[in-house]
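Engineer: Sharing a structure below in structure tokens format, with a few things to ask.
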Amino acid sequence: MGSTSMVALLLIALLWLAYMAGTRRLHRQKPWPWWRTLLFTLGCMTLAAGFVPALMHAAHQDVRWHMVQHLLLGMFAPLGLVFAAPMTLLLRNLPTEGARGLVRFLGTWPVRVLTHPITAALLDIGGMYLLYMTPLYAHSLVTPWLSTFLHLHFVVSGTLFTWAIAGPDPAPHRPGWRMRMGVLFVAMAAHATLGKLLYAFNFPRGTGADPEELHQAAMWMYYWGDLAEATLVVALMLAWLRRRRRLSASGGGVG
């Protein structure tokens with residue numbers, strides 16, 4: 001567990017340094033928005049908080065701290081990381097041919113399927129149902145590699161879902177606003193339902209946790225998860241309004 005924590009913190013530090021290097025290089029041509037840099041820093045700090053050894057240990061012993069870790073890694077850290085527009089920063093730093101190659105890659109069918117809002121929602125919210133409504137969570141407590149995989153899944157699926165729904169980066173063939181908003185509301189309802197199921201039926205089972213601990217964990221998932229998802233709703237609506245104003249100014253329509 002300690003080695004996993006140290007490796008994760010090192011990778012997060014390298015990721016932050018790479019982003020800072022990109023902003024510094026770009027600053028010579030056109031300043032990068034300071035608030036995106038702040039968002040990325042906050043995202044990395046939130047991600048790092050989820051991997052500090054003390055929380056890693058507490059999350060392994062107590063389902064309530066596990067839920068805190070889950071919220072940090074899978075719901076709040078992705079907000080900062082995605083809204084910092086790292087893909088846009090990378091595209092602006094790459095040479096022309098490299099940028100075109102990356103855009104072509106983003107348009108390939110495997111990437112399009114993986115980053116579709118429905119796929120991303122199934123991986124993110126569906127993964128939570130699989131984890132908490134089956135013996136998978138209990139197995140992760142006694143299986144180190146599975147625990148590590150779940151931490152990685154929290155980060156990747158949460159980031160993928162945030163990006164698929166409201167990411168500011170270029171996304172060829174991204175579905176329209178109505179579909180993304182619809183998927184987001186369905187995902188919010190599914191997440192809220194999961195929280196209620198955990199509370200009502202004392203899931204996840206096989207952990208040795210008493211009902212009060214399970215109830216608190218379920219409540220934290222329900223209420224704090226709502227806050228993260230509400231942030232996504234606001235971000236998506238603001239992006240839609242900005243696009244609508246641009247299209248209105250140019251005489252176009254909104255799809």
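Using N, Cα and C of the backbone, Cβ positions are placed for all residues, glycine too.
TrEMBL annotations: computationally assigned, not manually curated.
Copied straight from TrEMBL:
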TRANSMEM  6-22  transmembrane segment
TRANSMEM  34-59  transmembrane segment
TRANSMEM  71-92  transmembrane segment
TRANSMEM  113-133  transmembrane segment
TRANSMEM  145-167  transmembrane segment
TRANSMEM  179-201  transmembrane segment
TRANSMEM  221-241  transmembrane segment
Engineer: Is it true that the transmembrane segment (221-241) and the transmembrane segment (145-167) have 3 or more Cβ pairs under 8 Å, skipping pairs fewer than 6 apart in sequence?
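Structural biologist: Yes; at least 3 Cβ pairs under 8 Å.
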Engineer: May I ask you to check whether the transmembrane segment (113-133) and the transmembrane segment (34-59) make contact, with contact taken as at least three Cβ pairs under 8 Å and only pairs 6 or more apart in sequence counted?
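Structural biologist: These two stretches do not touch.
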Engineer: Do any residues, 6 or more residues outside the transmembrane segment (179-201), come within under 8 Å Cβ-to-Cβ of it, and if so which ones?
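Structural biologist: Those are 117-118, 121, 124-125, 128-129, 132-133, 161, 164-166, 214-215, 217-219, 221-222, 225-226, 229, 232-233, 236, in sequence order.
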Engineer: In the same chain, which residue numbers or ranges, 6 or more beyond the ends of the transmembrane segment (71-92), come under 8 angstroms Cβ to Cβ?
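Structural biologist: Hits for the transmembrane segment (71-92): 19, 22-23, 26, 32, 36-37, 39-44, 46-47, 49-51, 99, 102-103, 106, 124, 151, 154-155, 157-159, 161-163, 166-170, 220-221, 224-225, 228-229, 231-232, 235.
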Engineer: Checking distant contacts: for the transmembrane segment (34-59), what same-chain residues at least six beyond its ends satisfy Cβ-Cβ under 8 A?
Structural biologist: 1-2, 4-5, 8-9, 12-13, 15-16, 19-20, 23, 65-66, 68-69, 72-73, 76-86, 89, 151, 155
Engineer: Which bits of the chain, at least 6 residues beyond where the transmembrane segment (145-167) starts or stops, bring a Cβ under 8 A of a Cβ in it?
Structural biologist: 1, 4, 8, 47, 50-51, 60, 69-70, 73-75, 77-79, 81-83, 85, 87, 114-117, 119-121, 123-125, 127, 131, 136, 139, 174, 180, 183-184, 187, 232, 235-236, 239
